[in-house]
């Protein structure tokens, strides 16, 4: 299987257009959010879900038009031999940490002040109502599917033609982090680290199944913790 011109166009789309679009779109959203007296976050979530569809569709459409086998893109059962145990351990550790954070954020108000401080820059983009939370869950699903197909499936496949696996994992993580540069320096670095971790899981298992599931859960749990944190804060401010 050879690299085609369309592959380079897709890489440019993911590595350049997506970060730039995300940066300007997020700032446009912040301006509209400050001026709005209604819920525009749900609409922003819906728009982002649509963009995820374009992202995944671009990769899948290119793959289909070029008549390629789907296995190199990660559409294959888990490889239970070789390095699978590495992927399983990493996935299990990540999931355990997220579940503990999720349960702590849902059940207890301890740490709410620290979380709200940490959410400061992204607060306008985090769910605070039931409707926003529901659309946030849908966004978690679309992000898990589209971004794993794009960054782990496609980008890692393309980079593997030109560099060793450790460099593939590192470079795709950087590209993934840049796509989230709108979150600020800390958000981009944190996302890049997550991308590296999930990249190792993908390399170890040979399938997009676990990366997609992990990505969905990480996003869903993170948004849910934010939702319950803000809901408790609103209750305290209302004297409830």
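Each Cβ is built from the backbone N, Cα and C atoms, and glycine gets one as well.
All TrEMBL annotations are machine predictions without curation.
Annotation comment: TrEMBL describes 6-24 (among others) as transmembrane segment.
Sequence-distant contacts of the transmembrane segment (45-65) (same chain, at least 6 residues past either end, Cβ-Cβ under 8 Å): 4, 6-7, 10, 13-14, 18, 21, 73, 132, 135-136, 138-139, 142-143, 145-147, 149-150, 153-154. Taken from TrEMBL, the feature transmembrane segment covers 45-65 (among others).
Residues annotated as transmembrane segment in TrEMBL: 85-107 (among others).
Counted with DSSP, the domain 'CAAX prenyl protease 2/Lysostaphin resistance protein A-like' (136-221) comes out as 75 helix, 0 strand, 11 coil. Among the features that TrEMBL reports, domain 'CAAX prenyl protease 2/Lysostaphin resistance protein A-like' is placed at 136-221.
The transmembrane segment annotation in TrEMBL covers 157-178 (among others).
Here the transmembrane segment (185-204) has Cβ contacts under 8 Å with residues 74, 82-88, 90-91, 94, 121-122, 148, 151-153, 156, 165, 168-170, 172-174, 176-179, 210-211, 214-215, 218 of the same chain, all six or more residues outside its ends. Per TrEMBL, the feature transmembrane segment maps to 185-204 (among others).
If you look up TrEMBL, you'll see 210-230 (among others) marked as transmembrane segment.
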Average pLDDT across the domain 'CAAX prenyl protease 2/Lysostaphin resistance protein A-like' (136-221), rounded to a whole number: 95
